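Q: Before we start, here is the structure in question, set down as structure tokens.
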Amino acid sequence: MADEIGFFQLNTGAKIPSVGLGTWQAAPGVVGDAVAAAVKIGYQHIDCASRYGNEIEIGKVLKKLFDDGVVKREKLFITSKIWLTDLDPPDVQDALNRTLQDLQLDYVDLYLMHWPVRLKKGTVDFKPENIMPIDIPSTWKAMEALVDSGKARAIGVSNFSTKKLSDLVEAARVPPAVNQVECHPSWQQHKLHEFCKSKGIHLSGYSPLGSPGTTWVKADVLKSPVIEMIAKEIGKSPAQTALRWGLQMGHSILPKSTNEGRIRENFDVLGWSIPKEMFDKFSKIEQARLVQGTSFVHETLSPYKTLEELWDGEI
């Protein structure tokens with residue numbers, strides 16, 4: 001299966017695997033086994049983040065996989081993200097150094113700004129009084145230095161609207177390679193897709209299954225009658241159908257699971273396709289953003305007074 005895996009080319013010339021393992025909400029104690037299983041199944045992209053609180057465990061597993069000869073470092077694409085408490089420019093390099101130490105790596109393939117939001121250094125919660133003013137171009141300049149140092153092969157952003165991404169492109173010396181955002185059949189992001197395509201920025205989709213298993217977001221994407229009907233027609237599961245939709249839309253996908261059977265099922269999305277007449281039916285699915293970022297909005301204490309401002313109307 002590993003030989004079949006597809007890639008998308010980044011504006012750096014590097015290739016990002018089309019299917020990656022998401023590790024958000026993968027609990028310590030189980031995330032390591034999930035990463036090991038995924039790599040052995042054939043996954044070549046592991047999506048991490050400082051905020052997920054599990055990079056130390058992932059690092060131990062990666063080292064063992066390398067030491068045991070299961071996979072070579074250069075065959076894996078490792079993404080991580082800088083958390084919002086480290087976005088003051090002088091803190092950016094230290095944040096990546098901590099992630100590299102935790103992951104036991106010399107470099108990451110991709111380093112993302114997790115949100116266009118800054119929180120007070122040292123805080124752990126999302127209280128409004130912890131939200132700080134953010135200077136995205138200055139933080140980005142510090143991110144660019146990570147590329148210069150070789151510790152990040154590519155840099156990008158996450159949860160950026162079309163407008164915020166456009167503003168960053170205007171200011172950047174090193175253009176963002178990726179915008180990682182929520183993307184699934186119930187939140188298709190057509191406007192952002194078109195903008196990213198026009199600027200050579202790769203869109204990567206987190207929660208491509210709508211975050212099943214979470215309690216704090218409405219996550220019934222896979223119960224869409226459209227998806228259920230198409231899945232039945234083509235003889236695939238609803239999850240595989242939703243994931244394949246993402247690939248055919250032209251973006252990489254980051255399904256998260258700690259169940260080996262589902263990790264395997266989620267990887268079996270290559271070598272077949274959804275016929276055009278069925279693919280067109282996805283346009284009938286009702287749209288709703290699941291991950292809204294309400295914690296980052298406050299009428300007096302945040303730069304973003306409303307969700308409309310946070311997402312620049314893409315809500």
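Even glycines carry a Cβ here, placed using N, Cα and C.
Swiss-Prot feature annotations, pasted as is:
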| type | residues | note |
| --- | --- | --- |
| ACT_SITE | Tyr52 | active site, proton donor |
| BINDING | 23-24, Asp47, His114, 158-159, Gln180, 207-213, 256-258, 262-266 | NADP(+) binding site |
| MOD_RES | Ala2 | N-acetylalanine |
| MOD_RES | Ser295 | phosphoserine |
Q: Can you grab the distance from Ser295 (phosphoserine) over to His114 (NADP(+) binding site)? Cα atoms, rounded to a whole Å.
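A: The Cα atom of Ser295 (phosphoserine) is 14 Å away from the Cα atom of His114 (NADP(+) binding site).
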Q: Taking only the binding-site residues Thr23, His114, Leu209, which one has a CA atom nearest to the CA atom of Tyr52 (active site, proton donor)?
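A: Nearest listed residue in space: Thr23.
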Q: Which has the fewest other CB atoms in a 10 Å radius around its CB: Thr23, Gln180, Ser257, Asn266, Ser295, the listed recorded positions?
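A: Across Thr23, Gln180, Ser257, Asn266, Ser295, these recorded positions, the one with fewest Cβ atoms within 10 Å is Ser295.
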Q: Can you tell which of Tyr52, His114, Leu209, Ile263 has the most other C-beta atoms within 10 Å, given these are the recorded positions?
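A: Result of the Cβ crowding comparison: Leu209.
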